[in-house]
Every structure is written in structure tokens, then in C-alpha cells.
Amino acid sequence: MKYVLSLDQGTTSSRAIVFDEKGNVVSKVNKEFRQIYPRPGWVEHDPVEIWESQIEVAKKAIEEAGIKPEDIAAIGITNQRETTIVWDKNTGKPVYNAIVWQCRRTAPICDELKEKGYSEFIRERTGLVIDAYFSGTKIKWILDNVEGVREKAEKGEVLFGTVDTWLIWNLTGGRVHVTDYSNASRTMIFNIHKLDWDDEILELLNIPRAMLPQVMPSSHVYGYTAKDIFGVEIPIAGDAGDQQAALFGQACFQPGMLKNTYGTGCFLLMNTGEKAFESKSGLLTTIAWGINGKVYYALEGSIFITGAAVQWLRDGLKIISNAAETEELATKVPDNGGVFFVPAFVGLGAPYWDMYARGLIIGITRGTTREHIVRAVLESIAYQTRDVVEVMEKDSDIKVETLRVDGGAVVNNFLMQFQADILGVPVERPVVNETTALGAAYLAGLAVGYWKDQEEIASLWQLDRRFEPSMNSEERERLYSKWKEAVSRSLGWEKR
């Protein structure tokens, strides 16, 4: 029997998961690595540590599954997106640490681009807003600030890659320098309509084309692992950014299908098919994946603070000792007691885009209890999700019929039920919650014929529980309009 190995390289840990042909988890190994903060607002990783931790867990996962490397039909890769690595082509050594997606050091470069009026130019071509989050300005920073790198880049002696590219390059012993459409679409230098690096943006940021990887479909045999790694050559056949991989793992193959990943923040992606919709509400237009000679697009909305607000209840207010308690506490009261919580700890993302908004708790009376505060925090996750779903429907003109969910918080039945109630559509929780790794496995398996087609994959998707909306529409709209009112009071607070 054959299996698929998924390498899930995340922001805080490297993971490897072995899946069988039914999409079930056979083994799973995780290893955390260092977060490096050289200055306030700067975040780095050591690329060598990323590679070493990833290969260590890969070998362990095969061992723990009780199988041999030759039993692996293909390897799929999924990764933290936007994080930028530049390395020497000849020695394979990084010229600088990986600059992580969270790193804000290039904000001044972004401000300058915006001041010069390039926002629309960048958005039309890349589907993105100008922000330090994306790879483009990070590459420029390395070229401008690390001695000797620019000269080498002009000669094609250094290479750029997002994390997937770095892993594939190392897995193939330096033979293959590629990325996929989904990861390329997060760099801010890739034209998502022409499906190529954008020469005018490269000129604007002064990035030599010679250092960039070849862009390929997300399901494709890119190359084979070097023999000295696993003792056999295994095809590397799937590659997608983490959020896009989760959309694929949730089998959201039809336009209008939508998933929400509940983590520290939330990421909503809606499949929009072969059409790239331009957002009027500050959502990102991104590539979902490239497969079978076609490219599929998605709208993406990110919510900064969701699970992080629950962590704040635990570590900041110390009114809970773990996240699991929140469900029981929230259900001890019949409603939120008029309390609303806006988790604008770092401003608000889509659709408000207000960096000066700050958190608030409003509606407090003498009768307010710990339970009401906890419930208000959980409810805020659902309200923020509705904020994004509403603008997605408006931008795409597609009505959402169901929401598929994954991530840590989906075990909270109260939250899932309230999410269905406040959206007015069913929420579907799958049996396999490892949707990101599963998506990468599916992409790899499809490329080597391990799975036949997307129909087969859609049939493997198993429902754990479906939450039907049970709230009447008057109550739903009453709560939601109160939420909107609470948000309006948090906006611009830092500047007032």
C-alpha cells in the first residue's frame, strides 16, 4: 500500500503528516523552531533551521507510520506564505535570515510606494494591497541592505524563494528552483492575470528577474528528492500556500464555496472559479491553485484577532485557565447580556482596514459577569466572520450557501452554532481537521495518479457535524446591528 507525505511548514513549527488513500491521518510529527526578533516589529526565522526541522519531522513521520520511504507515492508541500528567503546558488547558504510575513521592517518602503500613487497599479496586476506583509519589499530590503547581494543577484548567483521554493530546492539537492501559482500570487511582484513575474513591478522595486523561481501549477511533478535524503527518489508533486491548501483540502472546488480557518486570526477564502474578481472592499484577489492546465482564483479576507482574544482572556485577564473552558462558560448564560467585544488589539482588517481602531468592551452593567465577557469574545469571532462574508458576496455577486470550517477553534460547539446563527447559513465541520496538510497531499496525489480526480477527492470529504442556523432573523439582525455600532465606536480610537 502507498501513502502520501505532506510537509506543512508553518510560522511556529514544521510538521509532517502521512495520509492514506482515504485522506486519513496515519502519522503526524511536529517540531517548533526559533522566532527571532532583532528589533521591535521585526520577525525572522533561520532558513537552515526551517529546512532541518522539516526534514527531521518528515523522516520521523515515515518511521511512526511504520512504513518505508519507498511506500511514499508523492510529497506535497504547503507553507507559511510571503516569508522571504534569499540564498547563494553555489553554496546553498542563505545570505540573510528569512524575513517572516509578520515582519513590518519594510513599512517605510510601502508608504513611499503609496505616496507615489502606485496602489492601484499594484492592485490591478497582483490583486494585493501594498503592504509589508508581502514578499516584494522584503526582497528589495535584502538586496539593498545585505552587502554584496545585489551584485550577485544581477549575475544570477543568488536565488529568491518563498518557503516552498527553499524546501523544494533543498529536497532536490539544489536541482529545482520553482514555486506554484498560489505562492507566487502572494509576492506582490507576480501578475495574476498574465501568470508571470511583472517586469514593471520588478523595475519599480529594482529586483533582478534572474533570481526568481519558475512558476508552475500547484499539482505537478516538480522533481524528485535527492537519493541521500530518504534513500529513494520520491516525486515532489504538490505545492500551495497554507490558506489555499486548506481551501483545496476542504474540497471547495466550485465557485462560491468558502472556508474559514480559525486560528490566532481567521482566514476566509472563497473560490471564484476561473475569474479574478477585483474587490471594492479591501479583500485580496489571489490565486487559489493551478491544476489541469487551468488557474482558479479566490477572494481572501483576513481577520487579525480571533483565537488571540481567547488567549488574552487566559493570559491577560486571567479569567479562564484554558480555551476549552470558554464553551461551558458561554453556555451558562442565555445570551451576551448586552455585552459586545471588539477585538481591535492591532487595528481592524477587512473590511474596515483601520490601523488606529482599538479594542473595546461595551454594554457593561452591574449585572455583567465573567460568563458574559467570555461569551462576547466568542461572539466577536462570528461577527467578524460575517463582516468578511458579506463583502465577499458583494464583490463576487455569489451567494454563500454553506461555510466549511477548520482550525483550532472549530471544536467549540457553541462558537460553531453561533456562527451558523449569525450568518444564517449552515456551518460544516469536517472529520479531518488537518485540512492544510491534506490539501497539499491531495495536490501531490493527483499529479501522480494516486487519486483519480477532484470528484474522487470531493467524495472523500467527510462531515463531522453540520450546524444549522436556529436563530430567527429579527434577533440575528438586531445582534449584528449592535455589533456594527460597537465597531463604529472603536474606529480611529488611537488618533482621537
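Residue positions begin at 1 at the first shown residue.
Every residue, even glycine, has its Cβ placed from backbone N, Cα and C.
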Per Swiss-Prot, T11, R15, T264, G408, N412 bind ADP; matching candidate in G307, G359, G363: G307
Matching residue for the glycerol site, where Swiss-Prot names R81, E82, D242, Q243 - out of Y133, Y181, Y296, Y297: Y133
Cα distance (Å, whole number) from N412 (ADP binding site) to Y133 (sn-glycerol 3-phosphate binding site): 30
Proximal residue to R81 (sn-glycerol 3-phosphate binding site) among binding-site residues R15, Q243, Q311, N412 (C-alpha distance): Q243
Neighbour tally for Y133 (sn-glycerol 3-phosphate binding site), based on other Cβ positions within 10 Å of its Cβ: 22
DSSP-derived class (H/G/I helix, E/B strand, else coil) of Q243 (glycerol binding site): helix
Env. residues of glycerol site, Cβ within 8 Å of mean position of R81, E82, Y133, D242, Q243 Cβ: Q80, T83, W101, R186, G241
T11 (ATP binding site) to Q243 (glycerol binding site) - Cα separation in whole Å: 13
Pairwise Cα distance for G408 (ATP binding site)/Q243 (glycerol binding site) [Å, integer]: 14
